Amino acid sequence: MNWRFVELLYFLFIWGRISVQPSHQEPAGTDQHVSKEFDWLISDRGPFHHSRSYLSFVERHRQGFTTRYKIYREFARWKVRNTAIERRDLVRHPVPLMPEFQRSIRLLGRRPTTQQFIDTIIKKYGTHLLISATLGGEEALTMYMDKSRLDRKSGNATQSVEALHQLASSYFVDRDGTMRRLHEIQISTGAIKVTETRTGPLGCNSYDNLDSVSSVLLQSTESKLHLQGLQIIFPQYLQEKFVQSALSYIMCNGEGEYLCQNSQCRCQCAEEFPQCNCPITDIQIMEYTLANMAKSWAEAYKDLENSDEFKSFMKRLPSNHFLTIGSIHQHWGNDWDLQNRYKLLQSATEAQRQKIQRTARKLFGLSVRCRHNPNHQLPRERTIQQWLARVQSLLYCNENGFWGTFLESQRSCVCHGSTTLCQRPIPCVIGGNNSCAMCSLANISLCGSCNKGYKLYRGRCEPQNVDSERSEQFISFETDLDFQDLELKYLLQKMDSRLYVHTTFISNEIRLDTFFDPRWRKRMSLTLKSNKNRMDFIHMVIGMSMRICQMRNSSLDPMFFVYVNPFSGSHSEGWNMPFGEFGYPRWEKIRLQNSQCYNWTLLLGNRWKTFFETVHIYLRSRTRLPTLLRNETGQGPVDLSDPSKRQFYIKISDVQVFGYSLRFNADLLRSAVQQVNQSYTQGGQFYSSSSVMLLLLDIRDRINRLAPPVAPGKPQLDLFSCMLKHRLKLTNSEIIRVNHALDLYNTEILKQSDQMTAKLC
């Protein structure tokens, strides 16, 4: 060996991590990857990532060839050692260094910076020197395989890989035949890439013809390379700084200082490289990979919807009636072909989810010290409930080329794209009780027939209640005075006599057409006394009117509280009109022309009309009283001569209730109630008096429908019981028995839910 060769061996340096290959002349199938522990440090840094073998592997991996298989053999020729470094006494016997290298050390000075070390020494000479090695050559065959393509071509990827292994093992026996067969497989399937490698004396006649020095160094387990850090040939005062500079160059790519503290190592970036800790290229690749995985996730769901199993399932679903989520779930569970296809989807999405999680963890680990914060959200798995809702949307919200989402609670579609053309005709609901027995053939949205106990009315099933004409024999709910609201408002303004209800005015505190002081509560009542005078009628109130006159420059604002007794009784058995609440109307105040009088009108209309027997009106006033008048009493005659007091006085010249009377047959209704009462006490069957039960249920429903409004969530007032008590003179026990009998018939025979009511009387 000449001096040039020995000198080259002395200063041969290795730039990165050395991957030890499998045992001599044994095949090796490995998945190349970077150590997870140092992902954020060595990713895209150092010469290792620019080496020929690593770049070749990365390129193949991006093309889908995820598995590498290599078979090789080595030929050792010479064993070389660095005898100069093996000397222990470097002071007496210094290492024979090249003049250029010695000059570079002298240029460093005694306190060099990291950048000086990198530019002067490391970039030129590297970080390690060779202690001992074996010179020789290598002959290798490398195959990159895509198992997914092999699986599609042959049906079994495991058997295909084993067959390729057996074929490659004959490479050193029949090189030409093996390569010819492998090239045929490569061209026909596209699932493998084959590469031959020959280095060292096998491929070259002399050292001068070699492409690189490393091609003659054997790196197997039998022929190990022994390296030593370059700091051993530096003076002692430069050794620590060299190690720090070498680590900064390898781990930080020369863009910062490599620092370790509390078992945590990082790069302290220089000002011109603020992102040295951030492998932006790898982060972009991972973000792109995650985006593709999310697309694959969505495509997996689309593949199921486009599969033959799913399409056949949709065709087998019945279309002659409405399908709820529960009924679709039942059909879903009974379709075995669809279940097997759905299990394949679940296993595929689970594997995809694990890949996404691993990639996301790597992404967030790499971006720990980056200014760039990755924004990634794991795709949500579609639950079985969402699949059933999707089926429902495909059934009813997929029309005219538009699509939408079906809401079962509202039985309607929310169309996408600001249109309402996606909804198909929603079929009727088939079931028990008031559901349809069959949908109409002419219009599938309407009922064609009903269950027993129900009748078909305008495409809907309603209980077979008694005819309205029969109910009219007991109470004449329908009269000639059932005007529309606009007509009622016009008649009230004209004070039409047809709407007058003649009542008796009662008050111990107020006289009509007489001024009084309203600063304290005043009470007045309007009653009919139907129990004595008009026993064959019950009465309906649709409005009220009062004419109130005030003194000039008066600051009073009257305020009314109105209580209504529907069928007589004490004051506690009345209810308060909730003015302005729950949609209830307010008083309307209109001033009369050339007068200090106002017409106060309350129009209930058809929506809020109700029964009444007595109306109690409490009058108060809202005003700011002077300090001297706050402690005065309001009793006694008024003094109109005192100008400081008369501005508070008002008078009521007229109070009128508007409505009409309904004919009421108390004897006939009492006999029907007694029949139900006797049947209940004797334990008789309900069907023996079903017509009477239906009649009383209809009357109770129509009476309670006229109850006053209540707050949301609170039960409605029971006016029917008040009528039984005050107009039919039933006892409390009889009222309870009648209501209980009606409730039992309604729930057990008609299968309808009872409406909760609150006791008033």
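Using the three backbone atoms N, Cα and C, a Cβ is placed for every residue, glycine included.
Note that the structure is a prediction, hence the values are computed from the model and not measured.
Some features that Swiss-Prot has for this protein:
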- 68-251: domain 'MACPF' (DOMAIN)
- ASN156: N-linked glycosylation site (CARBOHYD)
- ASN433: N-linked glycosylation site (CARBOHYD)
- ASN443: N-linked glycosylation site (CARBOHYD)
- ASN553: N-linked glycosylation site (CARBOHYD)
- ASN599: N-linked glycosylation site (CARBOHYD)
- ASN631: N-linked glycosylation site (CARBOHYD)
- ASN677: N-linked glycosylation site (CARBOHYD)
- 1-19: signal peptide (SIGNAL)
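Everything Swiss-Prot records as a feature, shown here on the structure.
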| residue | record | Cβ neighbours (10 Å) |
| --- | --- | --- |
| ASN433 | N-linked glycosylation site | 14 |
| ASN443 | N-linked glycosylation site | 13 |
| ASN599 | N-linked glycosylation site | 17 |
| ASN677 | N-linked glycosylation site | 17 |
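ASN599 (N-linked glycosylation site) sits 49 Å from ASN677 (N-linked glycosylation site), taking the CA atoms of both as reference points. The CA atom of ASN677 (N-linked glycosylation site) is located 27 Å away from the CA atom of ASN433 (N-linked glycosylation site). In this structure, the C-alpha atom of ASN443 (N-linked glycosylation site) lies 21 angstrom from that of ASN433 (N-linked glycosylation site). Under the DSSP three-state reduction, ASN677 (N-linked glycosylation site) is assigned to helix. For the recorded site, ASN443 (N-linked glycosylation site), the DSSP three-state label reads coil. Under the three-state DSSP scheme, ASN599 (N-linked glycosylation site) falls in the strand class. In the predicted model, the domain 'MACPF' (68-251) has a mean pLDDT of 77.
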